[in-house]
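Listed in TrEMBL for this protein:
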- 1-23: signal peptide (SIGNAL)
- 226-647: domain 'Peptidase S53' (DOMAIN)
- GLU304: active site, charge relay system (ACT_SITE)
- ASP308: active site, charge relay system (ACT_SITE)
- SER565: active site, charge relay system (ACT_SITE)
- ASP606, VAL607, GLY625, ASP627: Ca(2+) binding site (BINDING)
Amino acid sequence: MLASLASAYSICAAAALAVAAHAHPSLSTKLTHEKRDIIPGQWTKVSRAEATVPVTLRIGLKQRNLERADEFISAIAHPGSETYGQHWTPQKVIDTFAPSDEAIAETEQWLLAEGVASDRISRTSGRNWIKVTTTVGEAESLLDTTYNVYENNDGTQLVACESYSVPAAIQGHIDLVAPTIQFDEREAIVITRRLKQRDDSTAPKFKKLPPHPDFDADSLKNCSEVTTPACLRALYNIPKKVHPVQGNSYGIVEFAPQSYNQDDLNVFFSVYGSHSIPNGTAPIFQGIDGGYLSSESGSGIRGESNLDLSYAIALTYPQNVTLYQVGDSVAWNPATNNNFLDAIDGSYCTTDGGDSPDWDAIYPHDASSGNADGVYTGQPMCGVYNATKVISVSYGSNEDARPASYRARECAEYMKLGLMGVTVLFSSGDDGVAGLRGQCVKPDGSYTPVGAEYGRFNPMFPGTCPWITSVGGTALPPNSSTIHQQTREIASYKFFSGGGFSNLFPLPSYQASAVSQYYAHHDPGYNSSTYNNTRAVRGYPDVALAAQDYVTGIDGGFMAFSGTSASSPTFGAMIALINGERMKAGKGPVGFINPVLYAHPEVFRDVVEGKNPGCGTDGFSAVEGWDPVTGLGAPDYEKLKKVFLALP
Ligand SMILES: *[C@@H]1O[C@H](CO)[C@@H](O)[C@H](O)[C@H]1NC(C)=O
Ligand SMILES: *[C@@H]1O[C@H](CO)[C@@H](O)[C@H](O)[C@H]1NC(C)=O
Ligand SMILES: *[C@@H]1O[C@H](CO)[C@@H](O)[C@H](O)[C@H]1NC(C)=O
Ligand SMILES: *[C@@H]1O[C@H](CO)[C@@H](O)[C@H](O)[C@H]1NC(C)=O
Ligand SMILES: *[C@@H]1O[C@H](CO)[C@@H](O)[C@H](O)[C@H]1NC(C)=O
Ligand SMILES: *[C@@H]1O[C@H](CO)[C@@H](O)[C@H](O)[C@H]1NC(C)=O
Ligand SMILES: *[C@@H]1O[C@H](CO)[C@@H](O)[C@H](O)[C@H]1NC(C)=O
């Protein structure tokens, strides 16, 4: 029995292959498309669903060529490729991946043949969804299924089925149909609804500092206690003087209700800005779907954003930093990565169907449903901003907290951004091998109670997506005195660097040799009940940097924050500076960097001490070479710059 939720249903790919053998497969022969092997423990079947309940069926069509992702990415991002750096235009991305006209036409023909009136069938602008306005009764006949009402422990009731079928003739075109078997993921027809809460914040841990730190901001004597911009420059060889390059860009993404406070940035820059960052220095604000700056104080609201922006700006000033501030104050329907991605890629944005009504925020919001900071009652923002050349995001969630198809769609978008020359970085998580707030997975696929110490490892997404760069955490050994570039680092110990192996995403070619070396020399000592030990899946993180006790201005004073929330913006700053150097040399941005990083382990200071415990285990250990705690190790800016400047 497979333990994770995402693996609790299987997609019948083998059946689709069999279809190709028939010359004229019939529309009336239906094959099982997806089915659930188990109903998660918290749900109970209550009754048969009534045939008259209205349903909007969404048929997700298969994008073409996604199976060639590794090949496409390697061609432009592998240092040995003749076409390195030749990024794709947005039009080439659309032309390559959009579902074929044939897939759309044949799927619609099936619906018409089943008697669905044409005015009840519509397409989304991105062409990858067909919507059908129907009822439970008609959906049962279209999909050869039975819909039931299910109820969970807290009273939520929804309509779902346990398997469904589609015609053999068009099964190859169809990715998924919703709502069907996604009932435990709240992507179903919900009758009564639980209130949703933000579940993807890796809120950094913090400690309070004295109001006036009693040491020189340029001092390197206390870097094992408090991390400052000066410590990071010394550790990673980051230049102090930056020459801005027109057209270079670096973006930080923040989600409501969290947002930065300008007074706090001013206080931080006045002490740690090396006398060069003027009072009032702010990011370029790009609000998405009601994005706003909160009027509230406290580390819960300001901590994450103040931290991310203080270090992104301090390390790249006077280069501009862009803030993508996403989502309004409606807490029960919070914005997600998909809402952000819609705003920077119009082709991803399918206003009427691409985003999931049960995971993503759907706008407009009801004007009466937020707090004083504002409710977004406009249309979803679609392709209104350009993607910056580097994007860092310090949010993540448990890989299996959403359906595999949802994860795959989002991950494919990061691949497309990479093809277009954008570097996307995510912090790897702060709970070691466990998921958010220490949750692990039980054999029935549900989570252990928060804080419990048993169960299966719970990898974090988007870290497990092969098409982003996942940034883990390190620390200086306690009580290290003055630091220098040879100072050894250890895995973070005040929190544990998120790391491990995906249950969903296969091993990308750029990582194959590193992962096989890892297993050749180290036996993590866990069997397949504990994690996906097939050696054929994506491992994370890719790199790791200092992530403890970053001094940050907050509510007029200072606090020290710990988490991979800190290391991702720092690494992003290094990549943004390297893009500037490449632009000065007449070259393009670096885009997706992982193939270059894995081909050049010598630019990293390997981290070989520490571990990432969780789920009642010691987790994995940092060892020589790549490992699922600190990845390739800590990067040296000058060495990394040299590698990228030598590439076309
Ligand atoms: C080092 O930082 C700590 C804060 O964690 C502070 O209490 C201490 O005074 C600092 N030491 C020096 C020598 O600055
Ligand atoms: C930074 O942004 C400002 C305002 O958008 C713009 O005027 C300036 O040219 C930008 N600087 C660089 C170096 O791109
Ligand atoms: C920054 O400027 C504001 C006014 O624009 C002022 O109130 C504040 O005291 C200044 N902060 C610092 C740290 O100089
Ligand atoms: C996006 O980039 C294009 C081309 O460089 C430019 O014309 C446009 O003004 C930019 N849009 C925004 C919102 O910055
Ligand atoms: C660090 O130094 C403090 C004060 O000298 C001491 O109490 C503590 O045990 C030391 N920690 C380690 C890990 O050596
Ligand atoms: C482990 O990964 C492989 C390869 O992607 C996959 O086929 C398998 O289902 C995964 N196992 C679990 C338990 O998730
Ligand atoms: C993994 O090991 C545990 C403890 O030794 C055992 O109970 C379990 O059956 C094993 N699982 C597999 C798939 O071998």
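Residue 1 is the first one shown; counting continues down the chain.
Here the Cβ of each residue, glycine as well, is placed from N, Cα and C on the backbone.
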Identify all same-chain residues not among ASP606, VAL607, GLY625, ASP627 whose C-beta atom falls within 8 angstroms of the centroid of the Ca(2+) site's C-beta atoms; report them in sequence order. PHE604, VAL608, ALA622, VAL623, GLU624, TRP626, THR630, GLY631, LEU632, GLY633
What residue among the active-site residues GLU304, ASP308 has the most other CB atoms lying within 10 A of its CB? ASP308
What DSSP gives for SER565 (active site, charge relay system), in three states, is helix
Should GLU304 (active site, charge relay system) be counted as helix, strand, or coil on the basis of DSSP? helix
For VAL607 (Ca(2+) binding site) and SER565 (active site, charge relay system), the CA-to-CA distance in whole Å is 19
Could you list, ordered by sequence, which of these recorded positions: GLU304, ASP308, SER565, ASP606, VAL607, GLY625, have a Cβ under 6 Å from ligand 1? none
Any idea what DSSP makes of ASP627 (Ca(2+) binding site), helix, strand or coil? strand
Over all shown protein chains, what is the count of other CB atoms within 10 A of the CB belonging to GLY625 (Ca(2+) binding site)? 18
Using a Cβ-Cβ cut-off under 8 angstroms and a sequence gap of six or more, which residues of the chain neighbour ASP627 (Ca(2+) binding site)? GLY499, TYR518, HIS522, PHE620, SER621
Using C-alpha atoms, which one of the active-site residues GLU304, ASP308, SER565 comes nearest to ASP606 (Ca(2+) binding site)? SER565
May I ask for the distance between GLU304 (active site, charge relay system) and GLY625 (Ca(2+) binding site), taken between their Cα atoms and rounded to an integer number of Å? 31
Rounded Cα distance in angstrom between GLY625 (Ca(2+) binding site) and SER565 (active site, charge relay system) is 24
Can you count the other CB atoms that lie within 10 A of the CB of ASP606 (Ca(2+) binding site)? 19
Other C-beta atoms within 10 angstroms of the C-beta of SER565 (active site, charge relay system) total 31
Check the domain 'Peptidase S53' (226-647) for me and report the mean pLDDT. 93
Measuring Cα to Cα, how many Å separate SER565 (active site, charge relay system) from ASP308 (active site, charge relay system)? 7
